[in-house]
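Single-structure report; data block below.
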Amino acid sequence: MIGSVKRPVVSCVLPEFDFTESTGLGKKSSSVKLPVNFGAFGSGGGEVKLGFLAPIKATEGSKTSSFQVNGKVDNFRHLQPSDCNSNSDSSLNNCNGFPGKKILQTTTVGNSTNILWHKCAVEKSERQEPLQQRGCVIWITGLSGSGKSTLACALSRGLHAKGKLTYILDGDNVRHGLNSDLSFKAEDRAENIRRIGEVAKLFADAGVICIASLISPYRKPPDACRSLLPEGDFIEVFMDVPLKVCEARDPKGLYKLARAGKIKGFTGIDDPYEPPLKSEIVLHQKLGMCDSPCDLADIVISYLEENGYLKA
């Protein structure tokens with residue numbers, strides 16, 4: 001950041017912009033006059049700050065314009081104005097803003113309009129190479145008290161010992177921040193899982209082995225998360241532990257509160273748990289017959305090794 005600027009320093013120079021050498025490229029920051037109707041960077045008076053690197057002017061006939069964010073130059077694909085359909089939500093509505101010029105193709109996803117997917121030049125396979133592993137999501141599901149978080153930590157420790165990079169998205173931990181606005185109503189639980197699924201997908205795309213540990217009481221939301229990832233990269237681990245075993249453990253005292261009516265909608269008591277139907281790994285535990293967390297983690301690690309996830 002430069003001076004009192006409170007947002008990323010961004011510069012954009014297209015052929016239609018009035019760019020001159022008088023911008024003072026040798027200085028730490030300068031400005032470029034933009035068209036009055038240019039609103040990509042807010043409602044400022046047609047002026048945008050520059051910094052770190054000199055702006056790059058697109059040459060006549062070029063198919064890209066150059067953008068700088070904190071000194072990083074990125075190129076965006078353009079369309080000819082003839083490609084623009086002003087009646088379509090998948091393109092810019094105002095095609096006449098720069099007559100005869102090329103425009104970026106945008107789209108609508110959910111409630112987000114006029115957005116553009118920027119494909120990075122560094123592919124997932126390249127990000128995985130220095131890590132010597134394949135990014136994936138290990139989704140641990142089961143009743144409260146079934147040992148999900150314990151397994152997640154043991155698995156993370158076991159993989160760390162092998163020099164592998166992991167990150168745990170724990171159901172409770174995520175509700176301390178990202179999902180602190182969500183309750184435990186059915187619709188909020190579904191949104192909780194959706195958000196965690198999207199974050200887990202980003203970790204996997206970065207080459208990280210992401211371990212998501214949460215109850216996931218209904219089948220549909222985790223299945224939707226599975227569809228976000230390439231085939232095989234969503235590995236569901238079902239902690240198949242009977243309710244009576246989980247209730248006997250009751251590490252947080254939640255079953256006792258639920259039985260006393262002090263917690264409503266508690267999974268396994270007055271709200272259903274739908275066991276997954278197509279888990280890659282099912283870990284069975286019974287009363288008096290429970291493997292250690294390290295033994296369970298070894299089962300998951302063996303699966304990862306056999307399926308090539310612990311090498312690039």
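Just so you know, glycine gets a Cβ as well, placed from its N, Cα and C.
Residues or ranges marked as active site, phosphoserine intermediate by Swiss-Prot: Ser216. In the three-state DSSP reading, Ser216 (active site, phosphoserine intermediate) counts as coil. Residue environment of Ser216 (active site, phosphoserine intermediate) contains 30 other Cβ atoms, counted within 10 Å of its Cβ in all protein chains.
In this view, Ser149 (ATP binding site) is surrounded by 21 other Cβ atoms within 10 Å of its Cβ, with every protein chain counted. Here Swiss-Prot flags Gly142, Leu143, Ser144, Gly145, Ser146, Gly147, Lys148, Ser149 as ATP binding site.
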Tell me the Cα distance separating Ser216 (active site, phosphoserine intermediate) from Gly145 (ATP binding site), rounded to the nearest angstrom.
13
Sort Ser149 (ATP binding site) into helix, strand or coil using the DSSP assignment.
helix
Could you round the CA separation between Ser149 (ATP binding site) and Ser216 (active site, phosphoserine intermediate) to a whole angstrom and send it over?
13
Listed binding-site residues Leu143, Ser146, Gly147, Lys148, filtered to Cα within 10 Å of Ser216 (active site, phosphoserine intermediate)
Leu143
Once near-sequence residues are set aside, which residues in the chain of Leu143 (ATP binding site), 6 or more away, have Cβ atoms under 8 Å from its Cβ?
Ile215, Met239, Val241, Leu243, Cys246, Thr267, Gly268, Tyr273
